[in-house]
Amino acid sequence: MANQYDRNPFAEEEEVNPFANNNTGSVPAASNSRLSPLPPEPVGFDYGRTVDIPLDSDRSASQNLKKKEKELQAKEADLRRREQYVAFATYLGLVLCLFWNIIAITTAWIKGEGVTIWLLALIYFIAGVPGGYVLWYRPLYRAFRTDSALSFGWFFMFYMLHIAFCVFAAVAPPVVFKGKSLAGILPAVDVLSGNTLVGIFYFIGFGLFCLESVVSIWVIQQVYMYFRGSGKQNELRREAARGALRAAV
């Protein structure tokens with residue numbers, strides 16, 4: 001008969017912590033196991049904090065700004081120089097057109113067209129070459145050197161007359177002596193039927209006047225864009241208003 005104190009084989013064994021300290025008498029128990037709270041910190045948004053900006057960054061920024069300013073000035077100077085060179089090329093083109101016009105009219109005079117058209121061609125050359133230099137090329141040169149609004153206005157006024165003359169000469173309508181005093185397209189077609197050589201000379205003059213007109217239109221467009229971008233347009237208006245007021249007074 002089994003003993004009533006026998007061990008139950010299905011009973012769970014008591015778990016023993018091997019790391020537990022059974023010698024409670026040697027180590028005193030802690031009175032309070034909780035940590036002490038941290039002291040409160042003041043709330044701030046760092047409005048009073050100073051930020052040190054190095055002076056080297058300011059110097060480098062100013063140096064970069066000056067460098068860019070110098071680059072813009074160099075580009076502006078190159079633009080002025082290019083426009084001035086092309087304008088001088090149109091002046092030389094005008095000289096070439098008027099000189100070739102004399103040659104073409106001389107051939108027509110030799111073939112029996114009369115001396116009057118040759119005299120007119122000579123007058124065009126004598127009046128046009130110094131007139132173009134004094135009336136529009138020199139004011140443009142002075143305007144680029146001094147940035148004078150009046151010089152720009154003077155150039156625009158007479159350079160438009162120059163373009164109008166070149167376009168008129170390229171067409172050469174029969175207004176003055178049937179238009180044969182200018183080597184344009186209309187007299188070229190007219191004289192080609194009578195003399196082929198004279199017609200070829202007139203056609204060459206027509207091509208030169210057309211080329212001069214196209215380049216001159218490009219020049220006045222570029223100069224006007226520079227004039228408008230530099231702010232000289234408002235200055236010219238103010239000077240014109242002052243001149244009108246003085247004339248009225």
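Placement of Cβ uses the backbone N, Cα and C atoms for every residue, glycine included.
Annotation comment: TrEMBL describes 1-47 as region 'Disordered'. The feature compositional bias 'Polar residues' is assigned by TrEMBL to 19-35. The coiled coil annotation in TrEMBL covers 58-85. Look at TrEMBL and you will find 85-110, 116-137, 149-177, 197-220 tagged as transmembrane segment.
The transmembrane segment (116-137) shares the most Cβ pairs under 8 Å with 85-110, out of the stretches 85-110, 149-177, 197-220. Using a Cβ-Cβ cut-off under 8 Å and counting only residues 6 or more beyond its ends in the same chain, the transmembrane segment (197-220) has close neighbours at 83, 86-87, 89-90, 93-94, 96-97, 100-101, 103-104, 107-108, 111, 156, 159-160, 162-163, 166-167, 169-170, 172, 182-185, 187-189, 191. Note on the transmembrane segment (85-110): residues 117-118, 120-122, 124-125, 128-129, 132-133, 137, 140, 162, 166, 169, 180-183, 191, 195, 197-198, 201-202, 204-205, 208-209, 211-212, 215-216, 218-219, 222-223 of its chain, located 6 or more positions outside it, place their CB under 8 angstroms from a CB of the stretch.
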